[in-house]
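K.L.:
Feature annotation from TrEMBL assigns signal peptide to 1-16. Here TrEMBL flags 76-212, 247-388 as domain 'Cupin type-1'. TrEMBL lists His111, His113, Glu117, His156 with the feature Mn(2+) 1 binding site. As annotated by TrEMBL, Mn(2+) 2 binding site applies to His292, His294, Glu299, His338.
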Amino acid sequence: MIAAAGGAMMASPALAQTAAPSPLLPQRGSKGADILGPTNDPRAAEEPFTQAPPATDHGTMPNLKWSFSDSHMRLEEGGWARQTTVRELPISKAMAGVNMRLKAGVVREMHWHKEAEWSYMIKGKARITAVDQDGRTFADDVGEGDLWYFPGGIPHSIQGLSADGVDGCEFLLVFDDGGFSEDSTFLLTDWLAHTPRDILAKNLGVPESALAKIPEKELYIFPGPTPGPLAADKMGGAGQIPKTFSHRMLAQEPIRTKSGRVRITDSTVFPASATIAAALVEVEPGGMRELHWHPNGDEWQYYLSGKGRMTVFGSESKARTFDYQAGDVGYVPYAMGHYIENTGDTTLTFLEMFKSPRYADISLNQWLALTPHPLVQAHTGLDPKQVDALSQTKTPVVPG
Ligand code: MN
Ligand code: MN
């Protein structure tokens with residue numbers, strides 16, 4: 001049926017219905033066919049370009065998508081946690097993510113881990129505390145759009161607060177190692193429970209009888225004491241941590257283009273964040289994060305709102321297209337070219353994270369604009385005037 005998309009040759013509505021390819025079916029023009037076996041229609045509807053990939057997709061590319069909805073939920077008293085690591089998304093060796101919810105007063109218990117922890121507050125408010133190796137202290141209240149960063153090995157705590165009618169908070173954590181597991185952190189109560197009581201008594205300078213209430217196993221997430229004013233939780237010690245562990249990302253003035261906004265937060269504006277660089281990207285309907293790649297490592301994405309589509313180019317003619325929506329994780333291996341197009345009718349918002357002290361990207365348009373134009377013309381077949389019109393400055397979000 002070569003007239004599938006035409007309409008002029010369609011004799012009746014019934015025939016038109018048969019000929020028009022459904023977005024859920026593996027059909028593109030004359031290629032593909034319907035599915036005779038079982039289908040998961042809601043799932044397929046989320047990924048129209050997985051069901052019927054564009055003709056430009058080719059070859060074997062790794063899976064670059066995971067939804068937190070498919071991650072195991074760890075339910076605890078007053079909160080939950082779920083993670084996306086190399087175990088869920090095998091390509092994501094450089095970074096891992098955790099999504100966590102703490103109701104007001106609920107504590108992610110005092111702990112530490114080998115990996116550095118970067119975080120974006122999705123909704124609500126939390127109080128975070130930390131102490132460094134020199135006895136310097138940190139405490140802050142973080143709200144929507146705020147970041148925090150705890151270097152590897154630095155002990156910290158998180159507690160949900162009640163503010164602006166929101167019962168606690170929900171946040172995204174990103175760790176600078178894909179093998180991270182939220183179930184394998186060093187917990188204060190776990191350590192106490194696995195240290196001989198006489199040793200604990202000697203160390204804390206208390207009689208063994210004072211240790212009767214030490215929890216028998218880890219608390220992890222539990223309802224804690226009602227937090228007082230922040231000032232009361234700012235401990236003295238050897239002074240405040242000099243490079244603050246929190247950052248107001250939304251207070252940064254974004255790079256504005258016709259169809260979007262980009263905020264870039266790396267160690268140049270958030271000095272504590274030595275191993276994670278990030279960008280918060282907003283793309284209006286029809287707009288697109290331009291074709292680019294990153295010269296400094298893999299990209300771990302988290303979709304906050306809207307719908308988007310990304311094709312990743314992996315050299316050797318390999319390319320694969322994925323559809324994403326809020327709550328999904330995307331991944332782009334080092335140096336692979338990609339774009340992200342807003343395919344919905346609302347603002348597409350997502351975070352890009354890199355295991356790097358600095359944010360960096362290479363723009364296709366800028367590369368072409370700044371290479372001798374006859375050379376570019378010989379590669380692209382574009383008209384000389386069209387090559388001359390390419391912008392020498394980056395447009396991170398191009399219009400639709
Ligand atoms: Mn942690
Ligand atoms: Mn990118």
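Quick reminder: no glycine exception, Cβ is built from N, Cα and C everywhere.
Annotations in TrEMBL come from automatic prediction, not curation.
Values in this document were obtained by computation on a predicted structure and should not be read as measured data.
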K.L.:
Helix, strand or coil by DSSP: which one applies to His113 (Mn(2+) 1 binding site)?
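P.N.:
In three-state terms, His113 (Mn(2+) 1 binding site) counts as coil.
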K.L.:
What mean pLDDT does the predicted model reach across the domain 'Cupin type-1' (247-388)?
P.N.:
98
K.L.:
Got a sec? Which of His111, His113, Glu117, Glu299, the binding-site residues, have CB under 6 Å of any ligand 2 atom?
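P.N.:
The qualifying binding-site residues are Glu299.
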K.L.:
Based on a Cβ-to-ligand 1 distance below 6 Å, what subset of the binding-site residues Glu117, His294, Glu299 would you report?
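P.N.:
Listed by sequence, the hits are Glu117.
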K.L.:
Between Glu299 (Mn(2+) 2 binding site) and Glu117 (Mn(2+) 1 binding site), how many Å separate their Cα atoms?
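P.N.:
Spelling it out, the Cα of Glu299 (Mn(2+) 2 binding site) and the Cα of Glu117 (Mn(2+) 1 binding site) are 16 Å apart.
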K.L.:
Which chain-mates of His111 (Mn(2+) 1 binding site) that are at least 6 residues away have a CB under 8 A from its CB, listed by sequence?
P.N.:
Pro155, His156, Ser157, Thr185, Phe186, Leu187, Leu188
K.L.:
If you take the centroid of the Cβ atoms of His111, His113, Glu117, His156, the listed Mn(2+) 1 site, which other residues of that chain have their Cβ within 8 Å of it?
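P.N.:
For the Mn(2+) 1 site, the extra neighbours are Trp112, Phe150, Ile154, Pro155, Thr185, Phe186.
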